[in-house]
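So that you can see what the record holds, here are the features copied from TrEMBL:
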{"type": "TRANSMEM", "residues": "29-50", "note": "transmembrane segment"}
{"type": "TRANSMEM", "residues": "62-81", "note": "transmembrane segment"}
{"type": "TRANSMEM", "residues": "102-129", "note": "transmembrane segment"}
{"type": "TRANSMEM", "residues": "135-154", "note": "transmembrane segment"}
{"type": "TRANSMEM", "residues": "161-179", "note": "transmembrane segment"}
{"type": "TRANSMEM", "residues": "194-213", "note": "transmembrane segment"}
{"type": "TRANSMEM", "residues": "233-254", "note": "transmembrane segment"}
{"type": "TRANSMEM", "residues": "274-296", "note": "transmembrane segment"}
{"type": "TRANSMEM", "residues": "303-324", "note": "transmembrane segment"}
{"type": "TRANSMEM", "residues": "330-348", "note": "transmembrane segment"}
Amino acid sequence: MGESQVVNQLNISFEDEVNMANNSKYKRWIEIGFNAVLILVCLSAATLLGELYYREGGKSTWMNSLVQMVGFPILFPILLLKKREEKHMHKNTINSNNKNPSVWMFLSVYVFLGILLGGSCMLNAVGLLHLPVSTFSLISASQLGFNALFSFFLNSQKITTYIANSIILLTISSILLVFQPDDSSSTDSSKGKGYVLIGFICTLFGSAGYALLLSATERIFRNIMKKRTLKEVMSVVIWQSFFATCAILIGLFASGEWRWIKTEMNEYKLGEVSYVMTLVWNALAWQIYTIGLLSLIIKVSALFANVITTLSVPLIPLLALIFFNEKISGVKVISMILAIWGFLSYGYQQYLDEVNLKTELSKAKEEAQLSLVETGLNHRAS
């Protein structure tokens, strides 16, 4: 009778844990789904607003780069709120054993990430200037392949068959776009293949730079920060955005483009108010996208966040067709199919990894349950 009571108590406890885990799992996936939608909507909106800026008379690549990061101050209230919560939760605890990195270490990390972010944004702005937005979006999908490669070298990410297949497909998808026929709907189609090639190269390097940024950030959190709370992630994003903004502002003034801003505003086809609102909404969209990206990095991983970002590959060309009447050539369709195939291959590998992890956790729970049963029985016997 005593043995059955022990087993029943353990089973009830285990069932309660399972129910709590299921409720937590549903809540987690609702949050992940919400942030994924946030990323897709805001990334699409930001990309289309960047294209609108160029189409209606904007010419400054420095300005289009600046709006991608200058909205970071809107993150300050969230950061301050999290700091207050953390201070309230840990006001009675003392962590004397935890040694934080030095100020100079933090500064060097933030400057490095800021320069990398600023360079990537600038390259993407140049790419968007010389390419139709649909082509730009498809080439940007190569970021997923670059992220896998950089994660292999920096974070010991395994290159499985599915990931290798994804890299190959995304590479072919990008290369195909070099050979597509001229698109007369492009704002810069009159400039010829030379400018298209410049746009292709800049977008490719911009995607590589942003993939390196994500992989480097992952390594920095693991080896330097050694924790991945919302407060820590937001601190990194705010400071890297600050230094990236400083770098872009230096470029804006050093290039002399700041002198043309007033003229550009006056000559903007949609009017001065629309010029300002295009830039403001663009900056806001990029920062909301950043918040969604941060949430996914914390709740899942940087790799998963990058996979969700790649889902915009079929979405942006369709929106460009609707809003800008861009033509989708046969080459673009093939490129889009290959990019989606590459995404699915990469996503399937992530699914397999999650299944394996769940299996391992389930086995560990079963072993722990059996151990508790044996301990209870031995205790009753004694």
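Note that Cβ sites are derived from N, Cα and C of the backbone, with glycine treated the same way.
Note: TrEMBL annotation is automatic and uncurated.
Within the same chain, residues 36, 39-40, 43-44, 47-48, 51, 55, 132-134, 137-138, 140-141, 143-144, 147-148, 151, 157, 185, 211, 214, 293, 296-297, 332, 336, 339-340, 343, 346-347, 350 sit at least 6 positions outside the transmembrane segment (303-324) and bring their C-beta atoms closer than 8 Å to a C-beta of that stretch. Counted over residue pairs 6 or more apart, the CB atoms of the transmembrane segment (330-348) and the transmembrane segment (29-50) come under 8 Å in fewer than three pairs, which marks the two as apart. For the transmembrane segment (274-296), the residues of the chain that approach it from at least six positions outside its boundaries are 31-32, 35-36, 38-39, 42-43, 45-46, 49-50, 52-53, 56, 58, 63, 67-72, 74-75, 78, 230, 233-234, 237, 264-265, 268, 304-305, 308-309, judged by C-beta separation under 8 angstroms. Contact count against the transmembrane segment (194-213) (Cβ pairs under 8 Å) is highest for 135-154, out of 29-50, 62-81, 135-154, 161-179, 233-254.
Long-range Cβ contacts of the transmembrane segment (102-129) within its own chain (Cβ-Cβ under 8 Å, at least 6 residues beyond either end) map to 47, 50-51, 54, 61-62, 64-65, 68-69, 136, 139-140, 188, 198-200, 202-207, 209-210, 212-213, 216-217, 220, 224, 236, 239-248, 251. Note on the transmembrane segment (161-179): residues 135, 138-139, 141-142, 144-145, 148-149, 196-197, 200, 204, 331-332, 334-336, 338-339, 341-343, 345-346, 348-349, 352 of its chain, located 6 or more positions outside it, place their CB under 8 angstroms from a CB of the stretch.
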